[in-house]
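What TrEMBL records for 1-21, 364-393 is region 'Disordered'. Summarising the annotation, TrEMBL assigns compositional bias 'Basic and acidic residues' to 1-10, 364-374. Here TrEMBL flags 19-137, 193-349 as domain 'HotDog ACOT-type'. Residues annotated as active site in TrEMBL: N35, D224. Taken from TrEMBL, the feature compositional bias 'Low complexity' applies to 384-393.
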Amino acid sequence: MAGGGHREDMGGGVGPDPPAAERCLRRIMRPDDANVAGNVHGGTVLKMIEEAGAIISTRHCNSGTGEPCVAALARVERTDFLSPMCIGEVANVSAEITYTSKHSVEVQVNVMSENILTGAKKVTNKATLWYVPLALKNVNKVVEVPPIQYARKEQEDEGRKRYEEQKLDRLETKQRNGDVIMPVINPEPHTVGYSQSSLIHLVGPSDCTLLGFVHGGVTMKLMDEVAGIVAARHCKTNIVTASVDAINFHEKIKKERRPGAGGTWYLGHGFGHRINLGCPKLSGAGARGASLGQPLPCSVITISGRMTFTSNKSMEIEVFVDADPFVDEPQERYRAVSAFFTYVSLSKEGKPLPVPQLLTETEDEKRRFEEGKGRYLQTKAKRQAQMQQAAQH
């Protein structure tokens with residue numbers, strides 16, 4: 001136990017456990033992790049955060065006497081990108097369980113970058129994630145979570161309050177999740193229709209967990225890519241992720257039955273047209289349980305993004321993921337994930353630039369703009385209050 005939570009080492013080395021403050025997942029950032037500005041892609045960081053959270057929560061949920069299970073990501077609270085991470089630096093991702101309810105786990109994750117040439121370190125990200133343990137033998141069954149020990153009673157009370165708040169917000173978000181993005185013909189610059197984008201992805205085995213569902217980190221990386229394209233189209237400049245506001249995972253996305261090839265095949269302007277690559281076919285050892293050459297049931301996910309609000313220096317982009325089981329499946333398309341991303345515009349020198357004002361045309365766009373403005377002002381007030389508290393201490 002450390003600080004009232006449960007901290008785990010997710011490194012792959014052999015030897016004695018390092019001190020609690022050093023226990024983390026570590027990886028050097030490579031050129032293929034870069035965004036267009038040359039720093040580490042925000043989606044890559046989100047994926048590492050989710051991997052660390054999944055490891056510690058799955059380990060904890062299997063530490064008791066219950067049946068074997070895997071922790072599935074249910075929600076990511078607001079995640080702030082405090083500082084950019086550079087290619088060549090080492091990412092240190094530490095995770096700590098801070099609260100457990102009967103059927104869920106709260107994990108706090110911190111990301112620190114390290115320049116291995118100079119030894120300089122800086123905190124780049126902080127995030128809170130919620131996981132739900134699913135039984136290995138029945139993915140529709142949620143198993144009970146072993147409780148953790150708290151150093152102080154106040155920590156348990158505060159955790160319970162956060163649990164109730166996120167539970168209510170998830171319910172409210174799911175109720176307003178009926179929106180779809182429609183194509184716009186010849187949109188004007190700086191309108192919602194001009195920058196809206198969709199990405200279509202064929203789910204493959206490398207995207208999935210042992211249970212055959214898409215990794216939460218994979219989904220978040222794709223969402224960040226779409227949000228980044230929306231922001232870049234609006235500004236026509238370099239852009240970076242500033243924060244992510246509550247990613248809610250409403251439904252599991254499954255690959256279906258057997259492994260096959262996967263890939264993203266089109267990124268549309270405004271709205272994508274599907275290019276039918278067909279489903280992979282069984283062959284060799286993968287043909288067990290089906291006739292040779294029989295198409296595999298597959299899922300396609302469509303990640304859609306649109307601008308909802310702009311301030312002088314930031315943009316809010318709404319992103320949602322729809323899953324479409326399209327081979328021999330009676331189930332219709334369903335909304336699986338939704339979130340709001342905040343981006344900022346940067347010059348070639350990395351300095352903040354003014355953001356062009358979003359031009360709203362329809363009543364729905366104006367309503368979403370006002371809702372985004374409310375979230376922006378609320379976040380700004382909360383940040384100012386935190387700064388004042390820090391100054392007092």
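Quick reminder: no glycine exception, Cβ is built from N, Cα and C everywhere.
Predicted automatically and left uncurated, TrEMBL annotations should be read as such.
Same-chain neighbours of the compositional bias 'Basic and acidic residues' (364-374): 192, 308-309, 311, 316, 318, 340, 358, counting only residues six or more beyond its ends whose CB sits under 8 Å from a CB of the stretch.
Remark: secondary structure over the domain 'HotDog ACOT-type' (19-137) totals 26 helix, 55 strand, 38 coil, with classes taken from DSSP. Highest Cβ count within 10 Å among the active-site residues N35, D224: D224. Each residue contributes its Cα atom, and for D224 (active site) and N35 (active site) these two points are 11 Å apart. For the domain 'HotDog ACOT-type' (19-137), the mean pLDDT of the prediction comes to 91. Under DSSP, the residues of the region 'Disordered' (364-393) split into helix, strand and coil as follows: 29 helix, 0 strand, 1 coil.
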